[in-house]
Amino acid sequence: MAAPAEAEVAAAPGLTEAAEAAELTRALSRLLPGLETESKLGRRRALEALEQVLEEAVRPGADSAAFQGPWARLLLPRLLRLLSDPAEGCRALAAHLLDLGLRRAARPRDALPRLLPALSARLARPELARPPPEPCEELRLALVQLLHLAVDLGGAALAPHLDDAVRALRAALLDPFAAVRREGCECAAALARATPEHFHMQSESLIGPLMQTISHQHWKVRVAVIEATGTVIQFGSGNSVDDVLSHFAQRLFDDVPQVRQAVTSVVGGWLLNLRDRYSFLHKLTPLLLSSFSDEMPEIRQTATSLWEKVGLQWQQENEADLKDKLDFASPPPPNYPEHESRPGLGCRELVFRNLSKVLPAICHDITDWVVGTRVKAAQLLPVLLLHAEDHITQHLEIVLRTLHQACTDEEKAVVGSCIRAAELIGTFVSPEVFLKLILAMLKKAPSASGLLILASVIRGCPRNALQPHVTVIATELAQEHICQGSENNLYLEHLLLCVQALLSVCQEDCRAASLQFLEVLVTIMAVSDAVGLEKKAQKTMDTLAEVEDIPSSQDLYRKHVGALLERLTASHGEWAVHSVQLLKFTVLLTQAGPAVGEALQHVIPTLRACLQPSTDPHMRLKLFSILSMMLLRPKDTVDSQGQFRGYLDMVINDILAPNLQWHAGRTAAAIRTAAISCLWALISSDILSAKQVQEAQETLMPQVLATLEDDSQTTRLMSCRIINMFLKNSGDTMEPEKFLKVYPELLKRLDDVSNDVRMAAASALLTWLKCIESLDGKSAYQSSVQFLYRELLVHLDDPESAIQDTVLEVLKEGSVLFPDVLVRETEAVVHKHRSATYCEQLLQHMQTMAAAR
């Protein structure tokens, strides 16, 4: 009896399953005819009734095996037909019921042969130009979600149906509705994971639609496309990597960080897991390393972490080849950047072994017409150099050529990255190598970018390696074709950077090249028209003085001014106003201070040669201006050593005298003004003895008297003052004939248009009168003095009270010579004056003086 009982119990589940299936079949059979009715409302009500039945069937605890038969036999074919129903509501309910049925069915994969063609038919467009068969966006989304569900439930069973699935996905990936595209991306990735052994046969057909969608306006769609592409290629054909690289590279410029993060993660995943990844190392590595320079710390951290894993994995896979390098690890190069951590051996080897393939593309992109491309390529270059280290030597020529071009970029970010790259070259490459190339480049065509590269490599170079080359570099920089290669401020600024870099790196080692450095700095100060640059050059000169261990830049000039002037003045015969040599000469004269007095043997002969009437007038004006400034401070300039008197004859006879001669023209007048100003500065200083002033007067008095008629007010004023000075120092020793020629010329200046000139002339006339007072035979001058009295009395009635006051003082002082004569002359004209006040004051003064006598 026991055996039949056990059989009955075992059969019970089967009976229950059959009973449930039969009951479900009966329930469905009552509703199915409603699906065939022509009434849209009738079909909808039938579908709604079916929905209630199915929701009851899929309740927890329901038997999926009992559901499988009625579902596959009765419902599935009818629901699939209803996906094409004219009524949108019926199609939506049909899709929903299919979703419920797939989730409940015991063997959902059995539905795939009928489901996938139906989905493909509703999603795939027969032609790209035509709209999809399913016009409703929400329904298309539901159909793609249904396809995704089928992929998740069907797994490897989808392999025979890949064509239909891929056809539907291609349409979904290009759907106008963004949500459909995102769902399509997720479904494509799921399909790749579900059919790893067969997916490669269809994967390439998805790449085209994915790449068409990768620039979609919604960033979430772009992220989904990138992630889906990563999975599709991972499980599909590696040949598609070439098709997506340019699109991925473009996404690294995306404004949305999540998109760049997705590219970084996918590329890193490929480098770790792609089956034939070794074939694409040189293509994928630049993409991952580009994220090292991303503005977002999270992306940089992701890229760094992935790259470390890639390098470590490659190192482990190639351990046999790297055995020696692993056993005898090389230390970091000297002067290794402090803020950089050295990449692992695997990472360094990966870059080094692929550098020849990567560099040409980087060097091409760094000069691209698109700004973003140039910036990215420039940022990548220092990252590569940091990995390649001294292996960059074999590629140095192409890198330097690229940097030379890129450093002219208007984008500061590009130039900044190039500077960083050049500094790394200085760190990793021997100076013998990079100097040979860079100096040859500068010798061939000096440029601002070439100098910037040189300054940068010097900054990155270790001091002990650079020390033997300091003099060579400084000498090359001091060559005319480089230090005088351009007057452009940017060029000069980069030239200054070279000097600053050498002083900063080599410090005391620069003493041997101090003269060359000074010459370069003087050139920069001479040629530059930017005040800021001149200040920087002066500050650098102070640094050079510190390196030389001397107190100041003035002492630096004192040490080298002789050699500088000797080299510089050798070509003075070829100078013009804009000659660099002349500009340098003027800088030395104005900046060297007391050192000028130690090099008069070069300064004065050069001035004599350049200040001849036959030379460039504008150059003469410039030099006279500088000479005048020096003569105003002789103890701090030309006479600092008390040697200027030895060159006085040359200054007076060969420089001043020729330039005081009258010549027609405004320029000639300006030169006379400059020359007379120099003469005034000379004789008003304390460096000349009375005898030397007398000698100057004997030589120059005729020319100075002639300049009293000059058109320039300044010239006339200076001439009056000079004559006054000559008379004070040597008037009583002049020959009578020459002495008498002075006062008529001064009298004419009392009618000058300038009151300053008139007053200076009056002062000189007073000095002339005092000179007669000191002479023994003053009676011989009575007629001349009487004439002078008469003329001065005319100006005593001048409209200008200041002139009247000045003339009155002259007459009072001069009355001591011949007071009776002056009284007669005054009384003769007093009634002619508009006001007798000044004449009465003069007469009163003479009466007082007579009483005192």
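In case you wondered, yes, glycine gets a Cβ from its N, Cα and C as well.
Database features (Swiss-Prot):
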MOD_RES   A2  N-acetylalanine
REPEAT    69-107  repeat 'HEAT 1'
REPEAT    200-238  repeat 'HEAT 2'
REPEAT    240-276  repeat 'HEAT 3'
REPEAT    278-316  repeat 'HEAT 4'
REPEAT    374-412  repeat 'HEAT 5'
REPEAT    597-636  repeat 'HEAT 6'
REPEAT    694-732  repeat 'HEAT 7'
REPEAT    736-774  repeat 'HEAT 8'
REPEAT    782-820  repeat 'HEAT 9'
(request) May I ask for the residues of the chain that lie six or more residues beyond the repeat 'HEAT 8' (736-774) and have a Cβ under 8 Å from a Cβ within it? (result) 701, 705, 708-709, 713, 716-717, 720-721, 723-724, 727-728, 780-781, 784-785, 788, 791-792, 795, 800, 802-803, 806-807, 809-810, 813-814, 816-817
(message) Within the same chain, where does the repeat 'HEAT 6' (597-636) have neighbours whose Cβ lies under 8 angstroms from its own Cβ atoms, ignoring anything closer than 6 residues to its ends? I mean 6 or more beyond.
(response) 558, 561-562, 565-566, 569, 572-573, 575-577, 579, 582, 585-586, 589-590, 642-644, 646-647, 650-651, 654-655, 658-659, 661, 663, 667-668, 670-671, 674-675, 677-678, 681-682, 685-687
(message) Limited to the repeat 'HEAT 3' (240-276), I'd like the whole-number average of pLDDT.
(response) 95
(message) Six or more residues beyond either end and a Cβ under 8 Å away: which residues meet both conditions relative to the repeat 'HEAT 5' (374-412)?
(response) 252-253, 286, 289-290, 292-293, 333, 337, 340, 343, 347-348, 350-352, 355-356, 358-360, 362-363, 365-368, 418-422, 424-425, 428-430, 433-434, 437-438, 441, 447-450, 452-453
(request) Mind tallying the repeat 'HEAT 9' (782-820) by DSSP state, helix then strand then coil? (result) 30 helix, 0 strand, 9 coil
(message) Which residues of the chain, 6 or more past the ends of the repeat 'HEAT 1' (69-107), have a CB below 8 A from one of its CBs?
(response) 21, 24-25, 28-29, 32, 35, 40, 43-44, 47-48, 50-51, 54-55, 57-58, 62, 114-115, 118-119, 121-122, 133-134, 136, 138-139, 142-143, 145-146, 149-150, 153
(message) Is it possible to list how many residues within the repeat 'HEAT 7' (694-732) are helical, extended or coil according to DSSP?
(response) 36 helix, 0 strand, 3 coil
(request) Could you give me the DSSP helix, strand and coil counts for the repeat 'HEAT 3' (240-276)? (result) 29 helix, 0 strand, 8 coil
(request) Count up the helix, strand and coil residues in the repeat 'HEAT 5' (374-412) according to DSSP, in that order. (result) 34 helix, 0 strand, 5 coil
(request) Provide the three-state DSSP residue tally for the repeat 'HEAT 4' (278-316): helix first, then strand, then coil. (result) 36 helix, 0 strand, 3 coil
(message) Using DSSP, what is the helix/strand/coil residue split across the repeat 'HEAT 6' (597-636)?
(response) 32 helix, 0 strand, 8 coil
